[in-house]
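Below is one structure, written out as structure tokens; the observations come after it.
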């Protein structure tokens with residue numbers, strides 16, 4: 001009996017075994033707000049780099065001689081970088097470590113972002129913003145796996161949703177700082193160069209601050225213990241868990257830690273048994289293939305397919321339609337026709353614009369002065385939408401405990417689709433704007449919940465890959481959605497809203513098939 005009592009405790013992370021000696025201590029369930037603040041900063045960095053460019057471009061269009069086509073390419077080129085590199089960063093995070101991947105990618109993002117602020121022409125700007133997208137792709141997905149792995153499965157979606165408050169904060173941050181910085185009108189020429197410093201260049205540096213803070217802050221934090229465990233490095237995983245225990249129990253000592261040994265996750269240790277590295281391209285390609293294939297096999301393939309399709313649909317609605325939000329609301333509020341639906345207002349403004357263009361074509365213009373001033377309404381709309389996202393994420397972090405992840409996402413998406421349909425029949429401007437905001441925000445806030453679900457559903461060894469690839473599908477959805485609005489909104493406004501609203505409802509149905 002004495003020998004039985006002295007046996008070392010065994011702690012299994014998401015394994016099928018139960019701890020011996022009735023050990024219930026779970027250091028993973030206790031992470032400190034310090035880590036959550038870091039994740040908020042990293043998520044802000046991602047949003048600043050991908051969405052902040054939409055505020056910079058109008059102010060830079062004269063200096064870089066940007067045509068409407070150029071501005072469209074600059075807006076989407078970062079997403080192109082994210083899409084093409086998502087698979088690679090998922091592989092790196094699952095094989096080299098979450099923390100290392102985050103630090104390297106954030107530093108490279110900051111360098112490219114700072115250089116893009118010094119661009120002297122359109123070509124240089126496009127190249128740098130594409131590279132920003134390539135490198136920001138890693139933290140845009142890996143941060144969710146890193147954060148989630150410091151918490152028990154039951155709490156992961158909740159803390160990821162809480163950290164996603166940064167989505168709203170980032171929108172408020174980019175709009176308020178952009179409004180303030182771009183209110184100045186000064187120029188400083190650098191001797192011996194073609195470069196002229198202006199406020200819009202400084203704005204690039206301001207937007208890069210969260211990226212730098214996040215990179216340096218991560219250097220003080222540990223690697224995910226679950227990553228170490230998935231690679232067969234139990235002693236390193238144990239050391240991190242002990243560190244977390246001591247930091248969360250200030251009066252405790254190492255001897256108080258009931259866990260003395262960690263068993264590897266089932267089927268994971270063999271993954272680290274092969275050769276550590278090889279310089280051959282064939283070995284790298286084989287390694288990437290082996291890291292990806294499990295997602296397309298049972299029991300992962302159905303859940304992975306659903307996650308990808310739902311992410312695509314969520315980004316189509318929230319980002320694809322969201323990029324047109326300022327323009328649509330601006331046209332709705334400036335419409336000279338009272339008490340009409342949103343589509344009637346858009347049709348009216350389109351007719352006036354076409355008449356104005358026809359008049360301009362009949363007049364010979366001698367000089368055209370480039371205008372790089374930004375209407376204050378753009379900032380006000382962005383701040384309002386960001387505030388709504390912030391409030392919604394905070395509310396969801398509370399409601400999730402009562403309603404559950406699946407029910408909350410299904411309700412959000414059904415309500416998003418309902419709002420998208422109903423707003424077409426409302427002729428009150430303020431009610432229309434409220435429904436339009438609900439249409440976008442309820443779909444957008446579901447993205448973080450789905451990210452949390454993805455982290456919980458898939459095993460550690462393919463978790464980052466699953467998040468990266470599903471978010472890659474989401475980015476494709478944002479590009480597809482924004483282009484679809486541009487193609488069919490003017491020709492058939494009603495059809496556009498029906499399509500996007502139906503997308504939300506279809507995604508709501510699909511989420512019901514995911515594990516609880």
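Each Cβ is built from the backbone N, Cα and C atoms, and glycine gets one as well.
Caution: TrEMBL annotation is automatic and unverified by curators.
Averaged across the domain 'Major facilitator superfamily (MFS) profile' (34-516), the predicted model reaches a pLDDT of 82. What TrEMBL records for 34-516 is domain 'Major facilitator superfamily (MFS) profile'.
The transmembrane segment annotation in TrEMBL covers 37-60 (among others). Residues 66, 71, 74-75, 78-79, 82, 102, 106, 109, 113, 125, 129, 132-133, 136, 139-140, 143, 146-147, 163-167, 169-171, 173-175, 178, 182, 198-200, 203-204, 207-208, 210-211, 213-214, 217-218, 221, 323, 372, 374, 378-379, 382 of the same chain lie 6+ residues outside the transmembrane segment (37-60) yet bring a C-beta within less than 8 angstroms of a C-beta in it.
Counting residues 6+ beyond its ends, the transmembrane segment (72-90) has Cβ neighbours under 8 Å at 49-50, 53-54, 57, 66, 101, 105, 122, 125-126, 129-138, 140-142, 288, 291-292, 323, 464-469, 471-472, 475-476, 478-479, 482 in the same chain. If you look up TrEMBL, you'll see 72-90 (among others) marked as transmembrane segment.
Per TrEMBL, transmembrane segment is recorded for 102-120 (among others).
The annotation transmembrane segment is assigned in TrEMBL to 126-147 (among others).
Distant neighbours of the transmembrane segment (159-182): 31, 36, 39-44, 46-48, 51-52, 55-56, 59, 144, 147-148, 151, 199-200, 202-203, 206-207, 374, 376, 378-379, 382-383, 385-394, 396-397, 400, 444-445, 447-449, 451-452, 455; these residues of the same chain sit at least 6 beyond its ends, with a Cβ under 8 Å from one of its Cβ atoms. The feature transmembrane segment is assigned by TrEMBL to 159-182 (among others).
Annotation comment: TrEMBL describes 202-221 (among others) as transmembrane segment. Taking Cβ pairs closer than 8 Å, the transmembrane segment (202-221) reaches residues 35, 38, 41-42, 44-45, 48-49, 52, 55-56, 59, 99, 102-103, 106-107, 109-110, 113-114, 116-117, 139, 174, 177-178, 181-182 in its own chain, all 6 or more past its ends.
The transmembrane segment annotation in TrEMBL covers 301-325 (among others). Outside the transmembrane segment (301-325), and at least 6 residues removed from its termini, the chain residues within Cβ reach (under 8 Å) are 54, 75, 295, 381, 385, 413, 416, 420, 436, 439-441, 443-444, 446-447, 450, 453-454, 457-458, 466, 469-471, 473-486, 489, 500, 503-504, 506-507, 510-511, 513-515.
For the transmembrane segment (378-396), the residues of the chain that approach it from at least six positions outside its boundaries are 55, 58, 161-162, 164-165, 167-176, 178-179, 322, 325-326, 329-330, 408, 412, 437, 440-442, 444-445, 448-449, judged by C-beta separation under 8 angstroms. Here TrEMBL flags 378-396 (among others) as transmembrane segment.
Residues or ranges marked as transmembrane segment by TrEMBL: 408-426 (among others).
Listed by sequence, the residues of this chain that lie at least six past the ends of the transmembrane segment (432-453) yet keep a Cβ under 8 A from its Cβ atoms are 141, 144, 148, 156-161, 163-164, 167, 307, 310-311, 314-315, 317-319, 321-322, 325, 328-329, 332-333, 341-342, 384-385, 388-389, 392-393, 396, 400, 405, 408-409, 412-413, 415-416, 419-420, 422-423, 426, 467, 470-471, 474, 500-501, 504, 507, 511, 514-515. Look at TrEMBL and you will find 432-453 (among others) tagged as transmembrane segment.
For 465-489 (among others), the entry in TrEMBL reads transmembrane segment.
According to TrEMBL, the feature transmembrane segment maps to 495-514 (among others). Nonlocal intrachain contacts for the transmembrane segment (495-514), taken as residues 6+ away from its ends with a CB within less than 8 angstroms of a stretch CB, comprise 302-303, 306-307, 309-310, 313-314, 316-317, 320-321, 342-343, 406, 409-414, 416-421, 423-424, 439, 442-443, 446, 450, 453, 457, 481, 484-485, 488-489.
Sequence-remote contacts of a segment are chain residues at least 6 beyond its ends whose Cβ falls under 8 Å from one of its Cβ atoms, and for the transmembrane segment (126-147) they are 35-36, 39, 42-43, 45-46, 49-50, 53, 73-74, 77-86, 89-90, 92-93, 98-99, 101-102, 104-106, 108-109, 112-113, 115-116, 119, 159-160, 163, 214, 224, 451-452, 454-455, 463-464, 467-468, 471-472.
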